[in-house]
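S.K.: Pulled these from Swiss-Prot:
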- G2: N-acetylglycine (MOD_RES)
- 12-158: domain 'Globin' (DOMAIN)
- H74, H105: heme b binding site (BINDING)
Amino acid sequence: MGGTLAIQAQGDLTLAQKKIVRKTWHQLMRNKTSFVTDVFIRIFAYDPSAQNKFPQMAGMSASQLRSSRQMQAHAIRVSSIMSEYVEELDSDILPELLATLARTHDLNKVGADHYNLFAKVLMEALQAELGSDFNEKTRDAWAKAFSVVQAVLLVKHGN
């Protein structure tokens, strides 16, 4: 049943929305390390306890995080993973790709509240980075794409 829900949710994302997500993602990947680092700095600002899930980065200030090799390495991993998801938005493979992430997040006690915060922060970071390219269609496309990803993750978590 989980796979069916995921595939059905993917069907709700239009071809035009997928194109917008892919186009803007490619724009963002020109500065992937700084973009993803900014996302995590925003997460840690909203929820300082989330930073403790990364022992190697616990207690670092925003400026320390920006120059941290650990944060840069994590940003590269996250941007690579997200690039896979963006490319596979219309693929039956997406739920399986997300299952691996769900297992890792389960081990680190990352759940629905964290995904909701990530969605909020991602939208803020998208708007800040894309500027005037972040219009209503872009916002709607990203909101829908993230809702697809989040729905699959929550099914894989068993929530």
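A Cβ is built for glycine as well, from the same backbone N, Cα and C atoms used for every other residue.
Model, not experiment: these values are computed from the prediction.
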S.K.: Tell me, how many other CB atoms lie within 10 A of the CB of H74 (heme b binding site), whichever protein chain they belong to?
M.R.: 19
S.K.: Could you give me the DSSP helix, strand and coil counts for the domain 'Globin' (12-158)?
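M.R.: Taking each residue of the domain 'Globin' (12-158) in turn, the totals are 122 helix, 0 strand, 25 coil.
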